[in-house]
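Listed in Swiss-Prot:
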type	residues	note
BINDING	Glu20, Glu53, Glu101, Glu132	Fe(3+) 1 binding site
BINDING	Glu53, Glu98, Glu132, His135	Fe(3+) 2 binding site
BINDING	Cys162, Cys165, Cys178, Cys181	Fe(3+) 3 binding site
DOMAIN	3-150	domain 'Ferritin-like diiron'
DOMAIN	157-191	domain 'Rubredoxin-like'
Amino acid sequence: MKSLKGTKTAENLMKAFAGESQARNRYTFYSNTAKKEGYVQISNIFLETAENERMHAKRFFKFLSEGLDDEAVEINGASYPTTLGDTKKNLIAAAKGENEEWTDLYPSFAKTAEDEGFKGVAAAFRLIAAVEKEHEKRYNALLKNIEENKVFEKDEVKFWKCIKCGYIFEGKTAPKVCPACLHPQAYFEILSENY
């Protein structure tokens, strides 16, 4: 890889690295809140997304470490969210951050990288932007479930799975308590067969 020294791409990569790193930590905090509020599936999704963000940060950092000789990168004009509330507020903040990444930040970072001759960096920004779009979609769907009181109740009959013991229940509403292992409703989610 050619040198990133003195490029706008180096600054953008560092902004992206910092943003992804902070998102990872925020999502870990949000996961704890969701679990405390009885949303175990949402907690797990925050943790899964935190791991996705860690991998994005790693990809951006690898470009930096390959394109610079152990040099620090100063970033100006970047701001990072500080939201920490209940699960609903956290989902709103998370969706907003993901939206900004895929609609504004990463497309502009990709264009700059391409203009500066860093095609691999540009491609990474575009591919990761596509992931961020899916993150936003998922956060908005989870938010809608909370707002419509549909986390543990659906309009049609579903198969609900206890993620602690594997018990499967058929109905419109997840049981208040798992009859097999006695864990609370918080541990039920819609059965997913994606194999």
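One is the number of the first residue shown, and numbering goes on along the chain from there.
Cβ atoms here come from the backbone N, Cα and C positions, even for glycine.
Compute the center of the Cβ atoms of Glu20, Glu53, Glu101, Glu132, which mark the site for Fe(3+) 1; besides them, the chain residues with Cβ within 8 Å of that center are Ala16, Gly19, Ala23, Asn52, His56, Gly97, Glu98, Ile128, Val131, His135. In the domain 'Ferritin-like diiron' (3-150), helix, strand and coil residues by DSSP number 115 helix, 0 strand, 33 coil. For Glu98 (Fe(3+) 2 binding site), the same-chain residues lying six or more positions away in sequence with a CB closer than 8 A to its CB are Glu132, Lys133, His135, Glu136, Tyr139. The distance from the Cα of Cys181 (Fe(3+) 3 binding site) to the Cα of Glu20 (Fe(3+) 1 binding site) comes to 38 Å.
Within the model, the domain 'Rubredoxin-like' (157-191) shows a mean pLDDT value of 96, rounded to a whole number. Closest to Cys178 (Fe(3+) 3 binding site) in space, going by CA atoms and restricting to the binding-site residues Glu20, Glu53, Glu101, is Glu53.
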